[in-house]
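The domain 'Amino acid transporter transmembrane' annotation in TrEMBL covers 27-427. Annotation comment: TrEMBL describes 1-27 as region 'Disordered'. Under the heading transmembrane segment, TrEMBL lists 55-79, 120-140, 152-175, 182-206, 226-244, 256-280, 300-325, 346-363, 369-389, 409-431.
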Amino acid sequence: MTNDSKMDTEKRDDYDPFENRKVDKPSSDVRSTANLIKASLGSGLLAGPLAFANAGWGVGIVGTIIIGIICGHCVHILVKTSRGCCKLERKPLLGYADTAKSAFTHGPKALRPYANVARIFSEFALVSTYVGVCCIYSVLISDSIKQLIDRYVPSVILPVEYYCLIILGPICVLCQVRYLKWLAIFSFLANIFLVLTYIICLYYIFGDEITLADKRIAGDPARFPAFVSTVIFAMEGIGVVMPVENAMKKPQHFLGCPSVLVVAMSAIVFFYTTLGLFGYFRYGDVLRGSITLNLPLDDWPAICAKAFIALSIFFTYPLQFYVVFDIFKNHTDQYIKDNYRNTVEIVARIVGVAFCVGIGIALPLLEQIINIVGACFYSILGLIIPATLETVFRWEDLGGLKWVLWKNLIIILFGLGSLISGCTVTILDIIEILNSKTE
């Protein structure tokens, strides 16, 4: 062990970040679990049946469980690395990007000059990912509202882009909520609406006879990347992980078994697998980007499902936007005078929401946006970066036969494969759709 490693070990041993952590309005375990579940489950859950249609039901079940384990493990190693960095930095808490910087700062000497690059890259990945998520949520809410209005107010037929503009005001108001403790209330409501939507979808799935004869165990291998991208999008909420863990009243309950992470990931995998499997059994290959768009428009349960999912995503929006604004706030707070701080924050939140909704208006292709965000952004943010940070941080202690290195190399290769193949398939899909519209 080198002298630097001995000094780092001593620093870790005599500092407890939990004892020094002071948080305004800390969250309970229940609220933290609700935030973590809602950060992942949303529009991604309702895209599950389409993902199973791409993969086949057998590959879908096995693939979902494996991806769930990988995503949960990456959250675990990110939080564990962050806590180790807190001890070395002698700081009570660190965010995602600060953890990346610290891991490189205390990693191999050859990599230490790249600490700031690691922080900037991580922040760029965070902003790109959650701007993409906010865009998806804007389109999904608008799609659900449009279906209801088109059916019950036929005299008012508007493009989905107009509905994006209509919901802009309410979303701006909701995104003025600033503390995770209060956002947990909206997450709880969103989870209730999501569970109700899930139950209604199962009601329609099992309402008629299900035919399995034409359902494939394994789908077209060319569509597997689209499956992986959609599942990663549904499983990942890693950008919210550090804010949630940092805001907990008892952060030591986040990891372990049972823990906030284990309960949340188990619930996510269960809901996704069951709805994806049975949704594919019921609707086959005619599925749309969200299963609620396949439900009939004449029955009141289906009407409720479309309304519930719109409300669920609406109440989740500020939690996703929290990640984007938190980065902006960290970089600008020092330049803003105290007497202008509140006004600037209100205006900045409105501008940020308008920007996200504007992108949603420009690209209202729900399924394709989900795949792009899952394949490109979440692969980087949720798989590649956490595996890289653990490897760098533990460079002096990679375990017997360096199993940590080999394990993380597999995760990184999986993330790169998902990124390249998923983006390629999705871009080809977008080109095909645009070409068909011009013909």
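Each Cβ is built from the backbone N, Cα and C atoms, and glycine gets one as well.
The stretch from 55-79, 120-140, 256-280, 300-325 with the most CB pairs below 8 A to the transmembrane segment (182-206) is 300-325.
Pairs of Cβ atoms less than 8 Å apart link the transmembrane segment (409-431) most often to 226-244, out of 55-79, 120-140, 152-175, 226-244, 256-280. Counted over residue pairs 6 or more apart, the CB atoms of the transmembrane segment (346-363) and the transmembrane segment (152-175) come under 8 Å in at least three pairs, which marks the two as touching. For the transmembrane segment (120-140), the partner stretch with the most Cβ pairs below 8 Å, chosen from 55-79, 152-175, 256-280, is 152-175. For the transmembrane segment (226-244), same-chain residues at least 6 beyond its ends with a Cβ under 8 Å from one of its own Cβ atoms are 27, 32, 35-36, 38-41, 44-45, 47-48, 50-52, 54-55, 59-60, 63-64, 67-68, 71, 74-75, 78-79, 82, 94-96, 99, 126, 129-130, 180, 219, 254, 260, 265, 268-269, 272, 319-320, 322-323, 326, 370-375, 378-379, 381-383, 386, 418, 421-422, 425-426, 429.
If one looks beyond the transmembrane segment (152-175) by at least 6 residues along the same chain, the residues whose Cβ comes under 8 Å of a Cβ in the stretch are 138-139, 141-143, 145-146, 186, 314-315, 317-318, 321, 325, 349-350, 352-354, 357, 360-361, 364.
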